[in-house]
Structure formats: C-alpha cells, structure tokens
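Asks: These came from TrEMBL, pasted as-is:
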- 180-214: repeat 'PPR' (REPEAT)
- 250-284: repeat 'PPR' (REPEAT)
- 390-424: repeat 'PPR' (REPEAT)
- 460-494: repeat 'PPR' (REPEAT)
- 530-564: repeat 'PPR' (REPEAT)
- 565-599: repeat 'PPR' (REPEAT)
- 600-634: repeat 'PPR' (REPEAT)
- 670-704: repeat 'PPR' (REPEAT)
- 705-739: repeat 'PPR' (REPEAT)
- 740-770: repeat 'PPR' (REPEAT)
- 774-808: repeat 'PPR' (REPEAT)
- 844-874: repeat 'PPR' (REPEAT)
C-alpha cells in the first residue's frame, strides 16, 4: 500500500508528527469510516455528511482504501460511492471508479458497473489513463475476470466515441487482457456505423494476428464492409470462411450478403443464396424475404418480388409495410393495377396495410385505368384499415367522380373533405370546374371558381384553362378572353392548352387573323405549339378555304419535329375536296401511302365525300377498294358517304347494292343512313316506299330520331297528306320526341303554299310562344304572303321580326325584292335593297340575279349593268356570267 506522505529525512522538532504517526492517524480515519458504513444502525446522512470531522477530512485516497476493504460487499461499496457523490458532491478519483467497476463485475453486477463507466467516460478523461487505472485496480482487487475492460470499450461505443473504443481495445489486447470476442464484433460494427470500413478490415486482421478466433458476428461485420466497398469477391470469401470456421451458422450473415448483392444489382445471385439456405440447415426469415423483395423491385423484377411476397405469406412470415408498398407500387407502375389491387385486398385480410402514399397512388392508377369501382372500394376501406384519408385521397376520388360525370357525388365528397378539416387545395376545384365545363354547366363552374377565391385559393393555369375551354366550347369567346386577360394580369402564365383552346375558338368563329396573332403570341411566352395546336390552325384555314396556308403550317409542323396524324390530314383532304380539288386530295392520300403513313376511316370518308359531292360515285368506289386493300376498314361513316353519293345521283340500283354489301360485311345501317334514304323517297314523292324503309329501320332495332320524323312529316305535307303528318307528329310525342322548329315549319310551309295564311299565322303564333319561331319560319310566311299578292303583310313581317328579337336575312329581303320587281315597282325593290345593305347583309348571287332580272324586265338596263359590275366585284366571274345569261334568256 502506497504511504500517504513520504519525507526525505526525520525532523528534529519533537512536536512535529513523525511518518509513523501520520500513517497511523490516516489508517485510524479509514477504519472509523469503514466502521460507519458497516454499522447499519447509523444514518450516513448524520454520521458522515453531518459530522465535520469526517466530511471535512475526506479525500479520494480514503475512499479508495474503504472500497478495497469492502470488496466482499460490492453493493455496499456502490451505495457508499453514490452517497458521497449525491450528498457531499464528492469528486471521485479514477482509481475509485476502477476499483468499484472490478468489484461489481467480479460479482456479476454488470449493469451498475457499466453505468459507472458511462459516468466516468462522460467526464472525458484520457482513455489511456482510464485503462491504466483499470489495470491497477485489477491487480489491487486480485480480479479473476477482465470484464471491466470489455465494459469500458462498450461504454465508449455507447457514447459514440468509436475511436476511443478502438484505442482501448488495442491497448487491452497488447497488455494481454482477455477481451471477449463479441467485443471485437461490437467495435467493428461501431466503425461500420461511421463508415470507417478500412479500420474494420484491420481490426479483423488484428484478431487473427493475436490468435483471437473471430466469431459469426465478426464475420458478418466483415461481409457487410466488403459489400459496402462493392468488393463482392472478398465478401463471398468472408462468407465461405465463416462457413468453415464457425461452429454454428446464422441466417443474419446471409441476409447481409443478400443485401449486398441486391444493392449491387445482382438480384438473381441474391435469390440463389436464399435458395441455398435450406441445404445449410437454415431457413429464410422475414429479413431475407424483405431484402429480396425490395432489391428485386428496385431492379424492375416486380413479378418475382410478388411471387416471393406470396411465398412469404404462405410461410406465415409477416412482410413489412415497406416491402408490401414497394411491390404494390411496382405493379402499379408496371400497369398491373388489377394485380396490385388484388394484393391490397389479400393484405387487408391479413391486417397488413401499405403506406398511405402507396394507397393513394394505387387509387389514382385504378381510376386512371377506368377501374373506378376498385378505386372507390379502396377509398371506402381506408378507415377500416386504420388509414386516415388525406387531401390527396379526397382529390383523387373527386377527380374520379368528375371524370365519370358523377358531379353530385364529387360535390358531396368536397363537403366531407371540408367537414374533416382537411386543407383544401386547388386540385379538387380544378377537377370540378373542368367536369362542369365539359358538361356545359358553366354557371356551376363559375360558382366553384368564385368559391376558390373566397377560400383564399389561387387558381392554377389548369383551373383557368378548364374554364376558358368551357367558354370556348359554348362559343362565348368574349368571356374566354376576359378570363385570359385576368389570368395574365394575376401573373399566371398560360400554357399550350390555354392558347390552343382560344385559337380553336377563333378558328371556329372564322376569325383566322386573330387566331394567327394568338398563334404568334405563344412564341413570346416561350411556348411551343403542340400537334393539337397546329391541327386546329390547319383545320381553321382549310374551312376558310386557304389551303395554301394550311399546307405551309403542315411543313412548319414537320420542320419542328412534330408528327402529323389523321387529325392533321383529314382537314387537308376535306379542304381540297371542298374547293373542288379532289384529284389533289387523292394524290395527297397516295403520297402518304408511299411514305408508309397509315390513314384511318376518317380520312377515307373525307376523300369519299369529295368524290360523291361531285357525283363521282364510281371513283369513290375505286378509292374504297384501294384503301381496303391497304388495311383501312370501311365503317358505317364511309358507307354513309357512299349512300349520300348514290342518293345524290338518284341511283336506286347502286343504293340497294350498297345496302346489301353492308349487310354482308356486318356493318349495321345507322339512323343517319336510314333517314337519308327516307328523305330521298319523300323528295321523289314516293312516301309509301319511305314508310317501308321506316318499318325496316325499326325492325333492325334502329330507332328513328327527330330528324327521321321531320323528313317524313315534310314529305307527307308536300304530298298533301297533312292528316297523316299530324298522326306522325303525335307518334313523336308518344316516343318522347318533342317537335321542333323544323317539324312546325313543314306544316307552316304546307299552309303557306296552299294560301291558307290565317291558319299559318295562328300556327306561327304558337311557335313564337314556344320559342320555336326563327328567321326561316318568318321567311316561309313572307314567301306565302308574296305568293298571295299581300306584299304589305309581308313587309309588316319584317318589322315584326325585329320586335321579336329576330333579324331578317338575305332571303327575307330577296323574296320581297323579287315580288316588287315582278310587280314593276323598282323603287320599292331598291328601297329594300338599300335597307338590306345598311343592315350589313351581304347580297348573294341569287339576290343579285333577281334584282338584275327585275331591272331587265322593267327596261332599266343601266341599273342592271351597274348591278352586274358590282356583283363581279364580290362574286365569282363564272357564276356572274351564268346568272346574267340566265336573266337575259328569261327576259
């Protein structure tokens, strides 16, 4: 035992204590202290803390000696140690800690020993000093175990001081202390956590050098390190060495090896490792399966992953939520949404629930793939599965209902979303606005748009574009442009769809200059027109008759790398045909065929219509033959165009041949074709045959519509069978068809043609009350009055039209002008002509020819030639010459 105080020589003063006296006094103090702590009848608070003789003299050396004297009762020693720290705030020495650690460890009290070392480590002493202190204490205590050193290493690891743990480990081994093999593994794993992989390999090598036989934990750590370093050859060798040197194998090592293979995209080798486990006497566990499933999905092998998940469930192993979610997500992304849904259903029965993200993603995919019932089923089961639907869940289902036109359900779901206190975004509102616009319910869409503002939500470009498209669809260009300007003012940049919607409406309104300007504005917004944008522009120019500009756009489209489709070529073919350039349209079709472009039935029907319009049905049939050979299928629309052609040529034989061909090919005759045939019969005065076709139509389960009834009623009225027409009108009502202005117009024309103007006026009054009267019905009355010589009554109708909110057209004025010319009253005729021009009505060729003829008949040739010159400025020369010639011949 070290003396408390050393002197170099004895002192001469007899009053100063000698060395022996000091030591005896210190030994006596330690003895008193030892007796106090052993005496169970005394309170330490009183006898130690409350006694200045003890509390003021107490030094670390005294505590160390007391601890050495209480090795037989480590719990008592620990109480004493803690009492001093708690009540006297005593600062214990390294040696006190070390003595107590060994005392506790030797007695098997590992947890308090470990706790002591944690406290010591937190003081941050030098690890070398701590080790030296533990070594001294081991000798003093005559400890038979080196567990204290293991506990110290673990204390450093628990404090995340891995390098200090490694330092102590190495010093302990060099000093010859018996460190547990498991401690080596723990240090290696600690180094792995801070990614010091090179040190892990060195520690393993040091184990071998010091003849420490690595256990399975050390081998497993080594495998993990080599996998992290992507040294799979060394990892495989480490696995092999563990199989040779370890008495017992564990699936943990192979799970680490499998994980390494999966991370390095060698999933099939990983599957082989799993298959080999049974031959090694091991069974794949949940970790094995989960690792493989995640790895396979990451590498796109979702099918195999799904099979392993099924195998896992059959074995009664519980898959993780992550593994289930990744398989579901993989199936979903692979467009196997039905399989994903079935997997969710199976997992639900086992009370295994994927993540909310996976649930929402699957619901979204199901709805996008038209599996709405399955999507709704998932949504309704969310609460049962312990998942709480969030704003994304509701948005998906609201969009699903909107796409199916179930607007009331969508609105109801929005209400539930608000009741749940979920934060509402612009997405559900955009869905509702878009759906209402597509169904023509603009007022409701505007209501949701306003509600967004009241909730403080900023409409996105999608929201604005939906409403703009809705306005354009209804022909309300003014509202669409107003909203577009508001959108730009608020800093919301329009996208390609916004511009395309507005351009489409300009084209539909024949405002190509404005459409072209907006088309140019897209470039200013750094937007590239899409195929749809070009198609809309091409269609607009074709309908305007500007075919050359349409083809310029086609070339521009191709130069920009955009691919024309049937929606591009159909208007071009139609435009060429409508402008009398059918042969050029045919050549375009041939050129496209040579370029291996496959045209569809829409393009074929456009070309057929061009031929049939010119009466060239045989050429149209030849085109059909060629196109069918090229793989284009003749549909009911194509046959309908051919039927139009043969009806136009009044070729009954060809008609019946076509109908037979349709029957042989299984093409069902539709309502349009039957109505066209019935119309032909009626116009030919063959009403009886028309009714035969009507009966055949009904027999073929092809129900007549309003147009069919109107054609028959008009034919009956012209055939003076107005009673039968009336019965047919009643049949319309029985079939829930409402007679429209065309229906009433047939009866009105019948009465006017027969000179029964009073009855005609009564009928027209009913039409006015039913809001069915229009400019055409007024023109029928005007013509009837003129035929009856009642020009004043006809004139009065022009005034009445304005009062009823209807504007007279060119036909209205031309009919009266012709009557005044016939009566020789050119002054009244020209008076009406001037009124017509003042109202902005552009006279057509018929109006010009009637007035020119009137001037010729009444001898005013000067005025006739003035009108001729004026006509040539606005109407085709060939048309003018033919009309003027006809007028001269007539006169």
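Just so you know, the numbers here start at 1 and follow the chain as drawn.
Keep in mind that glycine also has a Cβ here, set from the backbone N, Cα and C atoms.
Describe the structural context of each listed feature in the structure shown, including burial, neighbouring residues and relevant distances.
Replies: For the repeat 'PPR' (180-214), the DSSP-based tally of helix, strand and coil residues reads 26 helix, 0 strand, 9 coil.
Taking Cβ pairs closer than 8 Å, the repeat 'PPR' (250-284) reaches residues 216, 219-220, 223-224, 226-228, 230, 232, 235-236, 239, 242-243, 291-292, 294-296, 298-299, 301, 304 in its own chain, all 6 or more past its ends.
The list of residues near the repeat 'PPR' (390-424) in space but at least 6 beyond its ends in sequence, with Cβ under 8 angstroms from a Cβ of it, reads 356, 359-360, 363-364, 367, 372, 375-376, 379, 382, 431-432, 434-436, 439, 441, 444, 455, 457.
For the repeat 'PPR' (460-494), the model's average pLDDT works out to 89.
Packing against the repeat 'PPR' (530-564) from elsewhere in the chain are residues 496, 499-500, 503-504, 506-508, 510, 512, 515-516, 519, 522, 571-572, 574-576, 578-579, 581: each is 6 or more residues past its ends and has a CB under 8 Å from a CB in it.
Long-range contacts of the repeat 'PPR' (565-599) within the same chain: residues 531-532, 534-535, 538-539, 541-543, 545, 547, 550-551, 554, 557, 606-607, 609-611, 613-614, 616, 623, 627, 630-632, each at least 6 residues beyond the stretch ends and with a Cβ under 8 Å from a Cβ of the stretch.
Long-range neighbours of the repeat 'PPR' (670-704) within the same chain, counting only residues 6 or more positions beyond its ends whose Cβ lies under 8 Å from a Cβ of the stretch, are 636, 639-640, 643-644, 647, 650, 655, 711-712, 714-716, 718-719, 721, 735.
Residues 671, 674-675, 678-679, 681-683, 685, 687, 690-691, 694, 697, 746-747, 749-750 of the same chain lie 6+ residues outside the repeat 'PPR' (705-739) yet bring a C-beta within less than 8 angstroms of a C-beta in it.
Taken through DSSP, the repeat 'PPR' (740-770) splits into 26 helix, 0 strand, 5 coil.
Panel annotation: around the repeat 'PPR' (774-808), residues 741, 744-745, 748-749, 751-753, 755, 757, 760-761, 764, 767-768, 815-816, 818-820, 823, 839, 841 of the same chain, lying at least six beyond its termini, place a Cβ under 8 Å from a Cβ of the stretch.
Secondary structure of the repeat 'PPR' (844-874) per DSSP (helix as H, G, I; strand as E, B; remaining residues coil): 27 helix, 0 strand, 4 coil.
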Asks: With DSSP as the yardstick, break the repeat 'PPR' (390-424) down into helix, strand and coil residue counts.
Replies: 26 helix, 0 strand, 9 coil
